[in-house]
2 protein chains.
Amino acid sequence: MSTTDEYVSNNEVYAATFSGPLPLAPHRRLAIVTCMDARMNVYAMLGLCEGDAHVLRNAGGVVSEDTIRSLTISQRLLGTRKIMLIHHTDCGMLTFTDDEFKRQIEEETGIRPSWAPEAFSRLEDDVRQSIRRIEVAPSIPYTKSIRGFIFDVATGRLKEVE
Amino acid sequence: MSTTDEYVSNNEVYAATFSGPLPLAPHRRLAIVTCMDARMNVYAMLGLCEGDAHVLRNAGGVVSEDTIRSLTISQRLLGTRKIMLIHHTDCGMLTFTDDEFKRQIEEETGIRPSWAPEAFSRLEDDVRQSIRRIEVAPSIPYTKSIRGFIFDVATGRLKEVE
């Protein structure tokens, strides 16, 4: 059985005891922005319930234009008011540089990406950078309740970035 | 206690029995692209274990430039080879149009977003559109194993898009 078929089969077990639907708008009026990293089971690590919060994830948990788009929709159409940003230790984004990665892709495919890979070298600084990007986005109305954290993949523990 | 403080407190319970760290590269070599919708507890609904798969989420689960960036990093630096795309019923992206949403933001803030909100009107068509965007991205090397699904928020069940 392929990996994907295995997950589809797991989903049948999940659906057997599922009770829905919950409302569309997040119950706790929160949006969480974090990394795609496989080790972060966001619902379990925060004790989130289904329906509580939007969860946005990409490589690094960086605040990209797509993150601004998603947060704008989250706040303006679906009523969220607070944001948690979560980076994590041992992140893949700490292992390369944008210039080097773009050069590798250009060498192999002939096409240099027009986008920035968004590697970073200091976790806490990038959390602060991400907060600032949200604060200056003109389309995001609620920017007073943004808090930044780092998840430690060795201990499972969150630490707030001051 | 604030919502965020409550989740930080929940995290202490999670960390108390946490055993880590797992390896950085996803064990099952899979990346999952889906919506930020609060009702989708991705690990539970697929029976994913921590460390199995990258999870990318944004408003709609659309394939944006940021999704291409993240999938490029996922495959080239972290070894994933397969992609699952998951949209869902009752999605917020079905409730508005790009033009109308951009006009509202311009009227309220004076600034018209330079990005497309990416509303869509047909779930299955947008899953196929998302697959095509990945297939033509020059920076993504492995595009043969992409499968699309729709998650039903009423039943908890996945249905494959042919």
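The backbone N, Cα and C atoms fix where each Cβ goes, glycine too.
Annotated in TrEMBL:
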type    : residues                           : note
BINDING : B:Cys35, B:Asp37, B:His88, B:Cys91 : Zn(2+) binding site
Residues flanking the Zn(2+) site, with Cβ no more than 8 Å from the Cβ centroid of B:Cys35, B:Asp37, B:His88, B:Cys91 and excluding those residues themselves: B:Thr34, B:Met36, B:Arg39, B:Met40, B:Gly60, B:Gly61, B:His87, B:Thr89, B:Asp90, B:Gly92, B:Met93, B:Phe151, B:Val153
Please name the residue among the binding-site residues B:Cys35, B:Cys91 whose C-beta has the most neighbouring C-beta atoms within 10 angstroms. B:Cys35
Would you kindly determine which binding-site residues in the set B:Cys35, B:Asp37, B:His88 have their Cβ under 8 angstroms from any Cβ of chain A, listing them in sequence order or replying 'none'? B:Asp37
In sequence order, which residues at least six apart in the same chain have a CB under 8 Å from the CB of B:Asp37 (Zn(2+) binding site)? B:His88, B:Cys91, B:Gly92, B:Val153
Helix, strand or coil by DSSP: which one applies to B:His88 (Zn(2+) binding site)? strand
Sort B:Cys35 (Zn(2+) binding site) into helix, strand or coil using the DSSP assignment. strand
